[in-house]
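Some notes on the structure that comes next.
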Amino acid sequence: MSLSIRRVVSEGISVATSRSGAVLALLFFVAESLGVLLMLVAGTTYVPVDIGTGVTGGPEVAAGGELPASVAAVTSALTGVFTAIVTIPITIVAIRTFVGGATDGIPDAYLFDRIGRATASAFGASLLYGLVVVTISFVSAFVLLAAAVLVGGTDVATSAVGLLAFATLAFVIVVGTIALFGIVWLHTLFLLHEVSVRDRGALGAFRGSWAAVRGNRLKLAALAGGLVVIRGLVSWVSVPSGYGGWSTLQLLLTPIGLAVTAVVGVYVTAILARAYRRLRPDVGETFT
């Protein structure tokens, strides 16, 4: 089915500007606030009070001391996983609500029907997507390194021709890698939609998302790319960076920024959900 960007955006704004959209924006705000708070606490290496672990066999960390950077890094990573686990079910509920077109409230079926299974599948699909991205990065880096070694072992390594050849090859590899990342991102755009609406597993979600994108790649790339840029800019402007410590002004402005980010996130989610609804005409309004 051909995708009308204007219609999809109009429908997305309509369903997001509703009671359901307001409730979901509040849920996203709470989840994102919790994530920022946990990252703020876990990401610091400064210990304001005596943690009193009572664990022997290592140096004690007294009040005013610092945790090892490795411990803080692991803690931050675990905090990120915890935040993702909290955010995923909210995203699933939002997708179901907007795909179904519910505006007066969130139906119980969208909240509770197979939510645990869908969350697990979404988490698995996200991990698989991350594995694909890491694999592409590793292969590209390996090819680039191999090219450098091969060129370096030849007599033309120090010549202008050799350097130009290597620079050209490196450019092709980098551009190709970026293009491959873009292709993967576009074709996995509806992973969570397949999980949320069709109750797909991780692998099934990949197949379903690929099928949904087929035939409308350019329009979806323009739509999704624009939404990602808008959301990224809003997040960058609205949420102050915590690097270098948090000032009083940052602490006061952060809740406002998180609220703005949550609202924009709801509109982005709604627009993509309506795009999915148009690309999957066999999905009824009562799909659960």
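Here the Cβ of each residue, glycine as well, is placed from N, Cα and C on the backbone.
Taken from TrEMBL, the feature domain 'DUF7847' covers 3-279.
Taken from TrEMBL, the feature transmembrane segment covers 21-47 (among others).
Annotated transmembrane segment per TrEMBL: 67-95 (among others), in sequence order.
Annotation source TrEMBL lists transmembrane segment at 127-151 (among others).
Remote same-chain residues near the transmembrane segment (163-192) are listed as 88, 91-92, 95, 122, 125-126, 129, 132-133, 136-137, 140, 143-144, 147-148, 151, 156-157, 205-206, 208-210, 212-213, 217, 220-221, 224, 272, 276, 279 (criterion: CB distance under 8 Å, separation of at least six residues from the stretch ends). Feature annotation from TrEMBL assigns transmembrane segment to 163-192 (among others).
Counting residues 6+ beyond its ends, the transmembrane segment (220-239) has Cβ neighbours under 8 Å at 3, 5, 8-9, 36, 182, 186, 189, 213, 254, 256-258, 260-261, 264-265, 268, 271-272, 275 in the same chain. The transmembrane segment annotation in TrEMBL covers 220-239 (among others).
Within the chain, the transmembrane segment (251-273) has long-range Cβ neighbours (under 8 A, six or more residues past its boundaries) at 8-9, 11-13, 15-16, 21, 24-26, 28-29, 32-33, 36, 91, 94-95, 98-99, 189-190, 193, 223-224, 227, 230-231, 234-235, 237-240. Taken from TrEMBL, the feature transmembrane segment covers 251-273 (among others).
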